[in-house]
Each structure stands twice: as C-alpha cells, then as structure tokens.
C-alpha cells in the first residue's frame with residue numbers, strides 16, 4: 001500500500017483536519033516537478049551538449065557539497081494570548097527557476113507542521129490533566145478499599161503501592177519533558193498532598209451515574225444532587241473498581257492514539273521531504289528532519305512513559321497481575337474478516353435466491369393465486385410471514401449502511417458506543433440477515449407444501465403453527481444468554497431497546513433515539529406482531545376461514561395504538577432531552593413526532609372507516625407532518641441546504657465526493673415520504689392484494705430509513721470532526737469537595 005493511502009487509513013477520523021495535509025503537499029511537489037521539467041527542456045534547447053554535460057556535473061557536485069538550501073528558524077508567536085514556539089523555513093535559492101513553487105512548499109509545510117505540533121502539545125496537556133484526575137481517583141479507591149477490607153489487616157502497603165506507582169509515573173514523565181515549566185507542573189499535579197486515607201475519605205463523595213429507578217431519574221431531571229454519602233460496601237467497591245477500570249482503558253486508548261498521531265505525522269514529514277529532495281534535487285531533508293526530531297512532536301516521551309505506567313498499574317491492580325488478561329482489556333483484538341463468514345454469507349444468499357425461485361415456481365405450477373383459499377391465505381398467513389421480510393430488509397439496509405460508513409470513514413462504532421472489538425461488520429449483519437431469510441423462506445415453502453399436499457391435511461394444525469415456531473425460535477436466539485451468535489451485540493440491542501421503552505426514566509443517548517427512529521419505520525412489523533397475538537392468542541389459527549381479528553374491537557383499537565407507539569416513544573425521548581439539556585430544539589423535534597402521530601392515526605381511521613371527512617383531515621395533517629418531517633430530515637438531521645456554503649444547497653464538508661448523491665438523496669427522501677398518498681388516494685391494483693400493497697409501502701419506508709441513516713451519521717461524524725471529539729467522556733466514581741462537579745461532567 002502506498003504511504004498516502006496508508007496515512008489516510010490510519011488517521012483518527014475525528015482528527016483528520018489536525019493531520020499533515022500530505023495530499024496537498026504532493027500537489028505542490030507536482031508543480032515543482034512540472035516547473036523543473038519546463039526549465040530542463042529550455043536548457044536543453046539553448047545549451048550545447050558538451051557544455052550542458054559539464055554544467056550538469058558541476059551542479060551535481062555542488063549539490064553534494066552544498067547543504068544550505070534551507071535555514072530553519074524557531075520563532076515565538078502570540079496565539080490566543082499565549083506565546084507558542086513555531087518553526088519557519090527560509091528557502092535560500094528562491095531566485096532559481098521554479099523557486100517560487102519551492103517557497104510555497106516550505107511555507108505550507110511549516111504551517112502544517114506547526115499545526116500538528118501545537119495540536120499534539122495541547123492534547124498532551126489534556127493527558128496531564130486526566131493523569132491528575134486518575135491519580136486522585138486511585139487515592140480515593142485505595143482509601144475506600146481499606147475501609148471495606150478487614151479493619152485488622154496488618155499490611156496495607158499493598159494498596160498504597162498504587163499511589164506510589166502513579167506518583168512515580170508523574171515524576172518520570174516530568175523528567176523526560178524538554179520544558180522545565182511542564183516538569184514542575186506535572187510533578188506538582190501528580191504528587192499527593194495528603195496520603196492519609198481518613199483525610200481522603202473526608203473530602204470525597206461518590207458520584208452516582210446509574211439511573212435504575214424512576215425516582216433516580218426524576219431526581220436527575222430536577223437537578224437533585226447526584227452525590228451519595230460513602231457507603232463502604234463490597235457492591236459499591238465493585239462498582240467503583242469497574243468504573244475506574246473503564247476510565248483507565250479509555251485513557252490508555254487516548255494515549256495510544258496520541259502516540260500513533262505523533263508517529264504518523266513525523267513519518268509524513270519524512271516521506272514528503274524525501275520526495276522533495278528527489279524531485280527538486282536538493283539536500284534539505286536532513287536539516288528539516290533534525291528540526292522535526294527536536295520538536296515537541298518527536299522529542300517528548302511523556303505519552304510513552306504514561307503508557308508504560310498505565311499498563312503496569314492496570315495489570316497489577318485490575319487484572320490480578322495477569323499481563324495477558326490486562327493487555328486483552330487495554331488492547332482488545334480487532335475483529336478479522338474470516339473466510340468462513342464470507343462463505344456462509346454467500347451460501348445463505350444462494351439458498352435464499354434458490355428458495356425464492358422455487359417459491360415462484362410452486363405458486364405458478366399449482367396455480368395457488370387462483371385457488372379459492374388464496375384470499376384467506378393472504379389475510380392470515382401473509383401478515384405473519386411478512387414480519388420476517390421486514391426484519392430481513394432492515395438488516396440488509398443496515399449492512400449497506402455499515403459498508404458505506406466504513407468506506408467513507410464514518411466512525412459509527414464510536415458514535416454508537418460499541419465496545420471495541422465487538423462491533424459487527426457488514427458481512428456479519430448480512431450473514432444473520434440471509435440466515436434468517438433462508439429460514440423464513442423454508443418455513444413458507446414447508447407451510448405451502450403441507451397445505452397443498454393431501455397426505456398432510458390431517459396435520460393442518462401443525463401447518464398453522466409453523467410461523468409461531470419460527471417467531472419463538474428468533475426470540476430465543478435474541479435472548480440466548482450463552483456466548484454464541486454475537487452475544488455482546490444482542491445484549492447491546494436489548495439494552496437500547498429497553499431504554500427506548502422506558503424513555504422518560506432514562507437519559508437519552510444517540511443509540512437510544514437512533515433505534516427509536518428505526519422503530520418508526522417498522523410500524524407494519526409491529527402490527528404483524530399484534531396479529532400474531534390475536535391470531536394465536538384467541539385461537540383463530542384453529543379455524544383459518546373464520547378470521548375474527550379484523551372484526552374484533554380490541555384488535556382494531558390496538559391497530560391504532562401500535563402505529564402510534566414508536567412515535568410516542570420518540571416524542572417522550574425529545575421531551576426528556578429538552579428538560580435535561582434545557583434545549584428547546586428537542587421540543588421542536590418532538591412536535592414533528594406529535595404531528596406524525598396525529599397524521600398516522602387519521603390515516604388509520606380513514607383505512608378502517610371510509611369517509612370524505614376522514615379523507616380531508618388525513619390529507620391536511622399528513623401534508624403538514626410530511627413537510628415538517630422533510631425539513632427536519634434534510635436541514636437539521638443531515639445538515640444540508642445551508643446558506644452561503646461552498647457546495648450549493650448542501651454543506652461545506654461532504655464525505656461523498658459526488659454532489660449528485662446528496663441531491664438524489666434529498667429528492668428520494670421527499671418522494672418516499674409521500675408513500676402515505678397510497679392510503680388517502682386509495683390506490684388499488686388488480687394484480688396486487690391489499691396486504692401486498694401495504695407490505696410494499698412498508699418496504700419503501702424501510703429503504704428511506706436506510707438512506708436517512710447514512711446521512712444522519714455522516715452529519716454526526718462531521719460534528720465530531722469539527723470538535724475533534726474522538727473519545728467518550730467517562731464519569732469518574734469519586735468527586736473531591738474542593739474540585740467541584742466539573743471534573744466529572
């Protein structure tokens with residue numbers, strides 16, 4: 001792999017603007033090369049051959065002996081009221097042919113390197129601050145452990161060694177710095193003023209971040225103080241250790257990213273200078289790299305020292321001195337693409353295609369669509385099986401989302417908060433999707449075969465139960481507690497789903513409202529689940545020809561309620577965020593879902609009770625809800641249609657290089673949001689059953705949601721890039737009274 005591609009692939013996506021602009025520097029080198037080629041061609045046409053050879057030999061000898069193509073100076077600049085060191089390169093041969101391009105090259109390189117050096121210095125300063133916070137947290141943990149452990153313990157020095165290790169880390173890190181002021185500051189920060197456990201316990205309180213009950217959630221909303229008095233129990237000790245373990249892991253990841261950032265940028269400067277020397281026939285790389293090696297970016301060993309100490313402390317005190325176990329937490333293995341996954345995905349895909357073809361042939365050969373029971377089958381069995389079709393389609397769309405997020409470097413695993421090493425790739429999702437699709441198609445074919453075969457008519461009851469068996473199997477797999485079939489992802493999904501259902505009582509994070517939005521596109525799937533309950537719960541499956549669900553008052557009532565539930569949950573999430581964040585924009589977002597609730601209810605009412613009044617009312621509210629929702633999708637969720645941006649009617653930053661993709665997505669979003677017109681216009685096609693039409697409209701909504709997913713996360717990613725937000729904030733378990741709450745917010 002060429003360095004340019006490797007450089008981009010190893011970037012931290014949220015920090016991409018803070019890296020050396022390697023691609024732009026290469027374009028300047030191309031200008032230098034073109035200029036020198038023109039100069040050489042002019043010299044060749046005007047200089048005799050013998051004289052030209054002598055001149056070329058003389059210039060080559062001069063290049064070897066002359067090392068003063070550039071002079072690198074250190075200057076002091078005032079930025080935001082602070083004096084910072086910067087580097088300026090003076091090109092000494094600007095008067096030569098093409099010298100203006102070389103001046104531009106060094107000016108750009110200096111600007112890029114100073115940007116990188118200052119950014120790295122700022123992040124190291126932040127790491128120092130976090131090291132201080134973790135040091136104080138460890139002091140509190142030591143004191144807390146003493147209190148929990150047996151009071152008659154004679155040898156507490158085992159626990160005290162943790163604080164000594166961290167303090168020693170601070171001293172060693174400080175001594176490695178080239179800046180004396182930083183040495184003193186870091187040593188002062190990391191040194192405990194009072195090592196007395198009792199005095200520490202007097203100055204700390206526990207920060208409770210878990211919202212287990214509605215009462216704790218209400219206290220959070222009302223801004224009741226979240227600090228509890230210290231209760232020296234083993235449960236609290238386990239909770240503190242767990243949260244500190246997460247904090248150390250996250251801090252370690254930050255340090256690794258910083259180390260990688262330093263190495264990549266130094267390598268980029270080295271590569272670009274070697275290219276410059278080769279193209280311009282200069283000898284400037286050695287002198288410039290001497291400056292780079294002496295800069296803070298390359299000379300500071302603080303990050304390396306902290307990495308070693310964090311490893312030592314974590315292994316000793318969070319992994320029982322088991323290095324392999326400790327490093328498995330600090331450096332989790334990256335999921336590797338296995339050939340078995342690819343093979344299995346292709347196998348299930350082939351099986352699915354074959355089963356679809358077989359299904360079509362059976363329907364045609366046996367003339368199932370022309371049989372008297374076709375209408376009854378479409379009103380009973382089809383709503384049961386189409387649930388799996390909706391799920392499979394949504395999983396396929398999500399797999400496509402993952403593929404394009406990875407292709408355009410959208411850090412979806414960080415945005416969703418997936419644990420490193422457990423996130424699913426698009427191949428894994430497709431494997432599950434095609435597997436479920438194959439299983440569902442097998443059930444459909446088995447059902448049809450048993451229905452049409454005279455020898456199995458005595459087992460009609462078993463035939464009717466096949467969809468229920470399939471649903472129960474899927475539920476068992478999702479709830480399976482064993483570590484099979486991506487347990488971490490299944491449990492993550494279930495936890496997010498639970499928080500969606502309990503929306504008012506839990507803080508709302510991006511995965512919560514993202515899943516809530518997915519549910520709003522699965523209304524027909526939820527109605528299929530309702531039909532499962534009615535069809536099997538009330539015994540209609542025993543007498544298929546006597547389907548009483550559609551005429552049941554309770555079923556018709558819940559037919560309304562089920563369509564409203566996803567939008568109502570999203571509305572509650574918006575209200576919770578508005579109250580918690582004191583941000584009215586969440587309230588305006590809630591209005592969108594409230595309008596959709598009214599519009600969906602009116603359309604459902606019109607479907608069940610035809611009439612001009614219902615039709616007109618459904619038209620009006622559906623139109624308003626569609627306009628409001630489309631505006632919110634495109635302008636706020638996607639961040640498009642910005643005024644004064646360099647990309648007309650889009651935004652300044654675009655990850656997809658083709659603008660037509662964004663324009664097409666906006667048009668498709670509008671068109672697919674208008675699928676409700678089929679309901680109010682009462683469109684019918686002779687070759688399509690009404691249930692088939694409903695299923696097609698639901699599939700179009702799922703596809704629209706997939707398009708929305710990509711651009712929604714793209715916009716979220718670009719917001720993180722603008723704020724250089726590449727790490728999650730980990731709440732610490734203890735709060736020191738003199739520090740205030742801001743350390744843990």
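Note that Cβ sites are derived from N, Cα and C of the backbone, with glycine treated the same way.
Summarising the annotation, Swiss-Prot assigns domain 'SPX' to 1-290 and lists sequence analysis as the type of evidence.
What Swiss-Prot lists as domain 'EXS' is 550-744, and the listing cites sequence analysis.
If you look up Swiss-Prot, you'll see 1-342 (among others) marked as topological domain 'Cytoplasmic'.
The annotation topological domain 'Extracellular' is assigned in Swiss-Prot to 364-383 (among others). Averaged across the topological domain 'Extracellular' (364-383), pLDDT in this predicted model comes to 79.
Residues or ranges marked as topological domain 'Cytoplasmic' in Swiss-Prot: 405-427 (among others). Sequence-distant contacts of the topological domain 'Cytoplasmic' (405-427) (same chain, at least 6 residues past either end, Cβ-Cβ under 8 Å): 8, 11, 13-14, 16, 253, 332-335, 337, 341-342, 345, 399, 486, 488-489, 492, 509-511, 514, 655-656, 710, 713-714, 716-717, 720, 726, 728.
Per Swiss-Prot, the feature topological domain 'Extracellular' maps to 449-464 (among others); the stated evidence is sequence analysis.
According to Swiss-Prot, the topological domain 'Cytoplasmic' annotation covers 486-615 (among others), on the basis of sequence analysis.
Annotation source Swiss-Prot lists topological domain 'Extracellular' at 637-660 (among others).
For 682-745 (among others), the entry in Swiss-Prot reads topological domain 'Cytoplasmic', with the evidence type sequence analysis.
With a threshold of 8 Å between CB atoms, the same-chain residues lying at least 6 positions outside the transmembrane segment (343-363) that come near it are 369, 427, 430-431, 434-435, 437-438, 441-442, 444-445, 448-449. According to Swiss-Prot, the feature transmembrane segment maps to 343-363 (among others), an assignment based on sequence analysis.
Residues or ranges marked as transmembrane segment in Swiss-Prot: 384-404 (among others).
The transmembrane segment annotation in Swiss-Prot covers 428-448 (among others) and rests on sequence analysis.
Same-chain residues lying 6+ beyond the ends of the transmembrane segment (465-485) with a Cβ under 8 Å from its Cβ atoms: 381, 384-385, 387-388, 432, 436, 439-440, 443, 446-447, 450, 493-494, 532, 536, 541. Annotated transmembrane segment per Swiss-Prot: 465-485 (among others), in sequence order.
Taken from Swiss-Prot, the feature transmembrane segment covers 616-636 (among others), and the record attributes it to sequence analysis.
The transmembrane segment annotation in Swiss-Prot covers 661-681 (among others). Counting only same-chain residues 6+ beyond the ends of the transmembrane segment (661-681), those with a CB under 8 A from a CB of the stretch are 599, 603, 606-607, 615, 618-619, 622, 626, 629-630, 633-634, 638, 640-641, 649-650, 654, 693, 697, 700-701, 703-704, 707-708, 711.
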For the topological domain 'Extracellular' (364-383), sequence-distant contacts whose Cβ falls under 8 Å of one of its Cβ atoms, 6 or more beyond its ends: 447-448, 451-452, 467, 527-528, 531, 535, 540, 544-545, 547, 550, 689, 691-692, 695
Composition by DSSP (helix, strand, coil) of residues within the topological domain 'Cytoplasmic' (486-615): 105 helix, 0 strand, 25 coil
